[in-house]
Amino acid sequence: MAFLWLLSCFALLGTAFGCGVPAIQPVLSGLSRIVNGEDAVPGSWPWQVSLQDSTGFHFCGGSLISEDWVVTAAHCGVRTTHQVVAGEFDQGSDAESIQVLKIAKVFKNPKFNMFTINNDITLLKLATPARFSKTVSAVCLPQATDDFPAGTLCVTTGWGLTKHTNANTPDKLQQAALPLLSNAECKKFWGSKITDLMVCAGASGVSSCMGDSGGPLVCQKDGAWTLVGIVSWGSGTCSTSTPGVYARVTKLIPWVQQILQAN
């Protein structure tokens, strides 16, 4: 019996910090409109990190995929002099138990193209591992064969601008629920700029905006939140009637696995 009890304890530990299952449940209104966003429940997106320069200025988002690795967008231009902040909700508060983590190595996808914005992904190897807790844990990565069909309601999070005209980004982490579009549908807005290395979401009254870049677009699969997109580009005015464009993670997984295995 004691052995069974031990097993059940391990099972609980697994679900506590297993990927894609927040210890603190997110609450979505479903009408959340990050332009027209809503505050997230503190700690409910535990993989969300803030990428900051040495002055503490937030310039991009990212996602923890393990204790040692963060995924973000290549166009963010992350350097080893930048820092990763995990466990943060309110950037205006000094009362949070955040983890400020140094970056040991930056792996920018060598096929990233600044003109086409294809392959917009960078992996960051942390100098010291993040300590997983109730408010810090990993998102699940998809398999290359996973299918997330158009119409799937997903969520993007970030500290990006809530209006493109605002001078400052919000202090509190914002969230927005938004549907995936087919690439054919997305091309009606963006034409030939859309490639199979991208996935679109939104045009539904919500939008990612400047400062959200590199952050997650997550969809639920088998009860766990899975990283489907990385905030990449969109309308310069963060129009909520135009879809945002995200790096399509299923297409980039082979490269991710190659880097993780070699390092």
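Backbone N, Cα and C define each Cβ position, glycine as well.
In the three-state DSSP assignment, the secondary structure recorded for His75 (active site, charge relay system) is helix. Residues near His75 (active site, charge relay system) in space but far in sequence (CB under 8 A, at least 6 apart, same chain), listed by position: Phe112, Met114, Ile117, Asp120, Ser213, Ser232, Trp233. The active site, charge relay system annotation in Swiss-Prot covers His75 (among others).
Under DSSP, Asp120 (active site, charge relay system) is assigned to coil, being neither helix nor strand in the three-state scheme. Among the features that Swiss-Prot reports, active site, charge relay system is placed at Asp120 (among others).
Under the heading active site, charge relay system, Swiss-Prot lists Ser213 (among others).
The local packing around Cys140 (disulfide bond), expressed as other Cβ atoms within 10 Å of its Cβ over all shown chains, amounts to 20. The disulfide bond annotation in Swiss-Prot covers Cys19-Cys140 (among others).
Per Swiss-Prot, disulfide bond is recorded for Cys60-Cys76 (among others), and the stated evidence type is sequence analysis. There are 23 other Cβ atoms within 10 Å of the Cβ belonging to Cys76 (disulfide bond).
Per Swiss-Prot, disulfide bond is recorded for Cys154-Cys219 (among others). All protein chains shown were included, and the count of other CB atoms within 10 Å of the CB of Cys219 (disulfide bond) stands at 20.
Cβ neighbour count for Cys200 (disulfide bond) (all protein chains, 10 Å cutoff from its Cβ): 28. When secondary structure is read from DSSP and collapsed to three states, Cys200 (disulfide bond) falls in the strand class. Summarising the annotation, Swiss-Prot assigns disulfide bond to Cys186-Cys200 (among others) and lists sequence analysis as the type of evidence.
According to Swiss-Prot, the feature disulfide bond maps to Cys209-Cys238 (among others), an assignment based on sequence analysis. Note on Cys238 (disulfide bond): other Cβ atoms within 10 Å of its Cβ, all shown chains, come to 25.
According to Swiss-Prot, the domain 'Peptidase S1' annotation covers 34-261.
In this structure, Ser93 (phosphoserine) belongs to neither helix nor strand by DSSP; it is coil. Annotated phosphoserine per Swiss-Prot: Ser93, in sequence order, evidence recorded as similarity to another entry.
Sequence annotations record features per position, and here Swiss-Prot assigns signal peptide to 1-18.
Note: the CA-CA distance between Cys60 (disulfide bond) and Cys209 (disulfide bond) rounds to 11 Å. Per-residue pLDDT, averaged along the domain 'Peptidase S1' (34-261), amounts to 94 for this model. Ranking the recorded positions Ser93, Ser213 by the number of CB atoms within 10 A of their own CB puts Ser213 at the top.
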